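S.K.: First the structure, then my questions, so here it is.
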């Protein structure tokens with residue numbers, strides 16, 4: 001099939017559009033790391049041009065002609081990797097061409113302005129200043145759901161962009177199961193007499209030592225520094241530019257251990273995925289990540305399942321003690337308990353493994369209702385607070401720490417939040433399977449050997465690119481569809497032990 | 001004129017091509033500063049795509065139609081800035097469309113390979129390994145001169161790309177005048193009994209202190225760090241990405257003061273020019289530098305005319321002594337003499353102000369003859385050495401320090417070298433004028449005040465962009481055409497004093 005001239009022409013067109021888009025990725029990385037302040041307006045023009053040109057390439061009618069041609073001839077064949085390319089190119093082409101150019105431009109314009117408005121509104125704790133922007137965005141997103149089409153809930157049309165094949169019905173069920181068990185677990189933890197000594201994480205951690213430790217750890221778990229970089233930024237991210245070039249970022253806090261360290265592990269997890277996508281397939285679906293949920297599974301797996309595990313720290317804690325004299329009097333047990341503290345808190349990005357998904361459940365419910373019009377933006381702050389009270393037993397004192405805390409809605413990213421929870425669930429389900437086939441894994445990890453886990457992920461997740469939908473991939477790896485059970489079992493076991501819940 | 005719809009359409013097309021090319025500039029900067037090693041092959045693909053797309057935009061037949069339209073209607077009007085845009089867009093459009101696509105591609109391919117071959121040949125001191133590549137490049141460059149057209153010498157067709165309106169006859173005359181006076185000046189200096197203590201420049205200069213000093217000095221003379229950056233690289237350069245974003249680079253040698261310091265001043269000079277081009281005209285000739293010779297005048301002016309002057313060091317030397325304890329016992333006089341040492345040497349980039357232009361004269365003569373076929377590549381090393389002997393009284397022991405030292409020919413940059421000398425001459429001629437209108441300039445400089453000189457350059461050079469050809473610009477600023485006299489007077493006065501030639 002790969003020698004079919006029409007198929008090749010199609011691949012060349014799509015690859016070129018993505019090659020151009022990858023130049024935009026570098027511009028974006030630079031914008032958030034090294035761009036001089038006076039250059040930001042001009043950078044906006046550069047990024048806008050690249051986005052416009054690659055959109056033109058992606059919606060080139062020739063792509064449509066070639067797709068129709070190869071689908072008619074090649075799709076009935078046996079299951080070949082190239083068919084996944086055709087399936088996924090069709091998917092993106094349809095999404096891209098269904099949206100009117102006017103809507104795309106309007107969305108780009110409004111979300112750029114809305115991000116500025118959000119940033120200021122959050123700073124000034126002024127939800128009413130952001131509300132009109134959220135209204136505009138909701139109007140545009142509803143129009144988008146109409147253009148894309150959906151069966152049950154308009155939310156499905158948005159979710160599908162981030163998590164192909166996933167529906168709001170599934171997400172609703174997943175959260176129902178999660179919330180039902182997380183809430184009592186949280187109560188038990190809050191009632192436990194064992195408490196971690198968290199002040200030890202707020203001692204002095206010199207930034208240069210943090211840099212060395214983060215870099216060393218990221219390299220150890222498999223992030224390749226000859227094919228990537230680690231730089232400093234305000235809002236950490238991972239950007240896979242292309243083969244041999246993946247960039248992760250972090251931020252440092254000289255008086256808090258967790259911020260940079262777990263952030264680096266998280267981004268390194270994303271980075272290892274990007275670095276091990278098949279390079280020869282760059283620019284086509286086969287060379288791209290499967291879904292945002294699967295991407296997030298790789299970051300959460302290294303950050304939490306591994307990075308917050310006991311075997312991991314058996315290996316790394318002696319090194320940490322050498323680098324940070326503030327830990328010299330702290331036993332491993334205390335440190336390990338402290339980095340795993342569970343405590344309801346207002347801010348999602350600071351949440352622990354137990355409460356994190358409650359933050360997501362809340363956002364999912366609210367954005368479903370906002371999109372459908374069942375909740376008005378005028379009522380958002382109050383509804384947010386009520387729900388917060390019921391999930392966490394506390395309430396945000398203001399909208400800065402409430403419904404204004406996240407950038408996502410201002411960017412038009414409605415439907416994005418659930419992928420964070422999906423990532424947590426996939427990671428747990430994958431790890432159950434990994435431990436099944438590698439019974440000595442925890443011992444390896446406690447000896448600082450991460451090679452077999454990494455290789456297992458490369459083989460079963462990374463190397464497939466977008467060949468399978470996330471659902472099919474999950475079944476192939478674990479033998480069953482995604483469920484919340486392995487994640488809850490993981491939490492129950494880990495935190496029962498830590499908090500001595502008997 | 002700027003409201004003419006056809007003129008506006010033309011400007012929009014040209015601006016968009018240059019906006020895209022500016023994305024390529026950032027990719028190029030990143031390639032030479034932060035790109036992970038395994039990313040270089042992919043980077044080549046990105047850069048190639050951007051170059052191809054912006055070439056397509058630049059040779060868009062619509063540009064030709066619009067040019068013909070506005071030239072017929074708008075050019076007979078009075079002298080307006082927009083006419084310079086039309087004149088220069090015509091110039092680039094003609095150059096771009098005269099070259100067959102096959103030749104452009106062949107040139108890109110061959111020069112990429114030739115740079116690799118050159119780099120290895122230089123390392124292994126193996127001219128015969130590079131010779132076939134130089135032959136190929138000469139064949140292509142001759143084809144280019146035929147396609148572009150020329151009146152007298154094929155060299156003119158190449159020179160004109162870098163220095164619009166300048167001919168090889170003028171360059172030949174300039175070098176004749178220069179060489180005639182530089183050779184005896186050099187002899188007198190070599191015969192002088194006064195000698196600088198150059199070992200003081202080879203003491204210990206900790207890199208962190210060099211970084212601080214270079215950054216501070218660049219900022220002081222007018223490089224805006226909110227609209228630019230200074231990073232580390234192997235081969236220093238300046239890249240003006242666009243309005244508000246100009247990046248300069250340098251390299252550090254912990255045991256040699258000059259390398260990073262004067263390199264930084266040089267690139268900052270280029271950078272100040274880029275930062276003060278009219279931002280509103282970005283992407284059009286009015287927002288672009290005048291010529292490579294004028295660009296080089298700005299770097300040489302700050303590096304040599306100012307940076308190697310006595311008043312400059314009256315201000316900066318006390319700071320240097322504070323930062324570098326190795327200078328604590330060195331009087332200003334000795335330091336000032338040392339940084340101005342004159343001595344024939346093999347390597348162009350390490351040459352002093354007196355011998356530098358002899359290096360260029362030699363290259364100019366050789367590349368004229370190579371291009372016309374009067375000199376065969378087989379005879380190049382010997383002819384190089386003979387000429388070197390006659391100019392400098394010494395001979396390179398090998399081709400690594402002889403005809404293989406520069407990257408230019410392997411890049412196809414024949415006709416580029418003379419712009420370095422033009423830069424030196426423009427800088428001297430401009431400074432004579434600057435001192436005429438600002439009689440207190442040297443006193444200001446000795447007090448660390450660089451604002452009036454910078455502002456004078458902005459007003460008379462930078463703000464015009466490419467409105468005037470270099471010749472016209474020089475006459476406007478200094479009242480006369482470029483001559484080698486002010487430069488020779490500057491050298492004679494400075495070095496007679498330093499070396500006590502009476």
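Here the Cβ of each residue, glycine as well, is placed from N, Cα and C on the backbone.
In case it's useful when we look at the structure, here is the feature table from TrEMBL:
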ACT_SITE  A:267  active site, proton donor/acceptor
BINDING   A:266, A:270, A:296  Zn(2+) binding site
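Quick one: where do these features end up spatially?
M.R.: DSSP gives residue A:267 (active site, proton donor/acceptor) a helix state. Annotation for residue A:267 (active site, proton donor/acceptor): same-chain Cβ neighbours under 8 Å, separated by at least 6 residues, are A:230, A:236, A:237, A:238, A:248, A:249, A:250, A:299.
Here the Cβ of residue A:266 (Zn(2+) binding site) has 23 other Cβ atoms within 10 Å, regardless of which shown protein chain they belong to.
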S.K.: Determine which residues of this chain, when A:266, A:270, A:296 are set aside, have a Cβ within 8 Å of the centroid of the Zn(2+) site's Cβ atoms, and list them as they appear in the sequence.
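M.R.: Along the chain, the qualifying residues are A:238, A:267, A:269, A:295, A:298, A:299, A:300, A:302, A:303, A:423.
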S.K.: Sort residue A:296 (Zn(2+) binding site) into helix, strand or coil using the DSSP assignment.
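M.R.: DSSP assigns residue A:296 (Zn(2+) binding site) to helix.
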S.K.: So if I draw a 10 Å sphere around the Cβ of residue A:296 (Zn(2+) binding site), how many other Cβ atoms end up inside it?
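M.R.: Looking across every protein chain shown, the total is 26.
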